[in-house]
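> Got a structure here, written out as structure tokens. Questions coming.
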Amino acid sequence: MHRTLLFLTWLISLTKAFNIKLPHTEKKDHLESNAVLACASYINTLKWSFDSSVVPGFYSTICSYSPAFDTWSLCIFNSLTDQIIPMDNTSFEESLGNVRKTCSFVDKKFSNISLEQYYSSLNNASSHALEDYGSIESLSTSIRVDRETRSRWIRAFHAHAYNLDISSVYGAYLTYYFVIVGIIAVFFHMSHYNGLNRALFASRFVNYIRGHFVLPTFLVDKHANHFKFLNVEVFTGLMPNSLEAWIIFGYTLANIIFLSISYIIDPYNLIFNSHLSQFTRLLADRSGILAFTQFPLIIIFTARNSFLEFLTGVKFNSFISFHKWIGRIMVLNATIHSLSYSLFAIINHAFKISNKQLYWKFGIASITVLCVLLVLSLGIVRKRHYEFFLYTHIILALLFFYCCWQHVKIFNGWKEWIVVSLLIWGLEKLFRIWNILQFRFPKATLINLNTSNNPHDEMFKVIIPKYNRRWHSKPGQYCFIYFLHPLVFWQCHPFTIIDEGEKCVLVIKPKSGLTRFIYNHILQSLNGKLQLRVAIEGPYGPSNLHLDKFDHLLLLSGGTGLPGPLDHAIKLSRNPDKPKSIDLIMAIKNPSFLNGYKSEILELKNSRSHVNVQVYLTQKTAVTKAANARDQLIHFDDIMTELTSFAHIGNARPNFSNVIENAIKSTPPGDSLAVVCCGPPVLVDDVRNTVSQKLLGYPERIIEYFEEYQCW
């Protein structure tokens, strides 16, 4: 935590030292700019005695032909006078900037129009402008535009400019939505410090909400476990839990509302030729801006940010879930933007012309890259080819940001959302590098633990010396580990580790890819031991679960999910006061895995009496089916003999519903119970739903659930 704050302080100081300024989208809906464009557009519709082919450009007549320019300046002045009482000429002088900008598109020399010239044209028009010009076929002198015409055109430009501004505001509101969610999360998280959680979680109403809308899985009984939509393999993914689902629903609803409200339609169709044309343009702008404003949130929720986790208590799993769904809504907004602009171009017979514009080409490139990125982010790709998913995700995201930058380059706005996103992304990468350097690059000892040569028992232990004694990991936290072998040094995997003071310990069951490569390398080494330098990035995850503030603690682990609960049991057993009781339940397929943590498990043997250890062997026949069963039995007997002296041994899968029920019943009214679970996806989903049901069955009991399962 202190390392994160130190790093953030350094970054803020660096930003101030170099006076870094971000791009900023200026407000579009100004009376001055509306008056300039409204008057220019109307005057441009009139016929003037001027050959516009001499000076090409949409506004060439009003910028190059003196009578038209005089008319323009008078129209601007009168439009401002209509709205500003009393008129002090300040707004008129400020409008000169918009005049220069408009005329600079015709010729750069017009960007130097002086204030003296501007007033001279106004005075000339005020003295000589014609009031009645309807019968004149070709104008050669300045005219006075009537008030009704001025007002109609200004309202038309106001409608367009207002939509650009309110779209940015609504986009910011979507960001504030998650700020509010974060503040609420901080409140509940901080309640553990002052004991307020006891009052909150003893409330029947609060537990009713938690049991129905916060803790359970959502719609299906799967959250950690992968879910197949319509039972189709391609649409494999992870469902949010109930709380995440409600937060995502609120965000989606807000996005739909902001897409649907506050449109001003010009009844006279002065800028666009129909109501349909108007609406498609306004919707295109609204959806595109909303898509841009979500870029920073999408990046923030991918960051391995221990600081946000520390403040809110929200897990990285939830951040990733928010990242996915915000990304999907952003893709939806971008798709609406693309389709609406295409329809707008078709309605106005400008599709071929638009296709030649650079901003249009980069818009097509952006949505194409986004669609490819979305397809390559499908759950089946992440699950089966994670490294491919990860690197293509990064490359395509950077390409997408580049295309977006080029897309809005000529529009003088909305670049700040890209810059902020890239800054967050870059600073997060710097923080991660700094984090790795803090641990340095120790030489770890990798030991093969499979003495029976049974494929079921394949595992290896990693013992990592700590060069930096100020580096500490707390129970349940995880680190990303890089094995610095020339062929795989860039790959990393997250593992829960046990910090033993001078060293860190973890046990890995090799699957495929990186862990299989390292395991095979260990097998080829002498005596099944290998020295290999590693890099550690972390620790990440909850650093303050406050389990020491609970009266009773139920630790549930399954399979390779043992390290976190075991570390909690070891550290908390040293506390002479709380918790009053600790139950550690381990469900494993066979005892061989326990040998990897033998010394840590046996530490509980000498701990104070209130640590209750229970081990359940869920596949008793796994040993006897092996070709060298006798050797395995001897190997297993080594750890099992030690365990039987202080732990309960069961030979069947435990009924976790009964285990949790008994823990609640044995907790006296008024005492608090924490249930911590880490294990296979099926287990954690089952325990999550069971705790939710028990909350409804025991609404006045203080029960909290902590899930340490991690998935990406």
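In case you wondered, yes, glycine gets a Cβ from its N, Cα and C as well.
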> Can you tell me which of these residues Swiss-Prot lists as N-linked glycosylation site: N89, N333?
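That would be N89, per the N-linked glycosylation site annotation in Swiss-Prot.
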> Just to confirm what the record says: which one of N124, N655 has N-linked glycosylation site annotated in Swiss-Prot?
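Going through N124, N655 one by one, Swiss-Prot flags N124 as N-linked glycosylation site.
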> Validate this pair against Swiss-Prot: D146 and V314, same side of the membrane or not.
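They are annotated on opposite sides of the bilayer.
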> Given the candidates N112, N450, specify the residue that Swiss-Prot annotates with N-linked glycosylation site.
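Per Swiss-Prot, N-linked glycosylation site applies to N112.
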> Pick from 56-76, 329-349, 518-538: which range does Swiss-Prot record as transmembrane segment?
329-349
> With the ranges 288-308, 582-602 to choose from, which does Swiss-Prot describe as transmembrane segment?
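Comparing 288-308, 582-602 with Swiss-Prot, transmembrane segment matches 288-308.
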> Return the member of H323, H337, H393, H407 nearest to N112 (N-linked glycosylation site) in space, with distance defined Cα to Cα and candidates limited to these binding-site residues.
H407
> For the transmembrane segment (329-349), give me same-chain residues lying six or more residues beyond its boundaries with a C-beta closer than 8 angstroms to one of its C-beta atoms, as numbers and ranges.
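Residues 251-252, 255, 259, 272-274, 276-277, 280-281, 283-284, 287-288, 290-291, 294-295, 298, 363-364, 366-367, 370-371, 374.
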> Quick check: do the transmembrane segment (417-437) and the transmembrane segment (245-265) share at least 3 Cβ pairs under 8 Å, counting only pairs 6+ apart in sequence?
no
> What count of other C-beta atoms do you get within 10 angstroms of the C-beta of H393 (heme 1 binding site), across all chains shown?
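Its Cβ shell of radius 10 Å holds 16 other Cβ atoms.
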> Do you know the mean pLDDT across the topological domain 'Vacuolar' (350-360)?
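A mean pLDDT of 95 is what the predicted model shows over the topological domain 'Vacuolar' (350-360).
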> For the topological domain 'Vacuolar' (18-167), DSSP counts of helix, strand and coil?
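Once the DSSP states are binned, the topological domain 'Vacuolar' (18-167) shows 92 helix, 4 strand, 54 coil.
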> What does DSSP give as the helix, strand and coil breakdown of the topological domain 'Vacuolar' (350-360)?
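Split by secondary structure, the topological domain 'Vacuolar' (350-360) comes out as 8 helix, 0 strand, 3 coil.
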> Which of 168-188, 288-308, 361-381, 388-408 shares the most C-beta pairs under 8 angstroms with the transmembrane segment (245-265)?
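Maximum Cβ contact count belongs to 168-188.
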> To see if you understand the setup: which same-chain residues, six or more apart in sequence, place their Cβ under 8 Å from that of H323 (heme 1 binding site)?
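Looking at Cβ-Cβ distances below 8 Å from H323 (heme 1 binding site), excluding near sequence neighbours, one finds I298, F301, T302.
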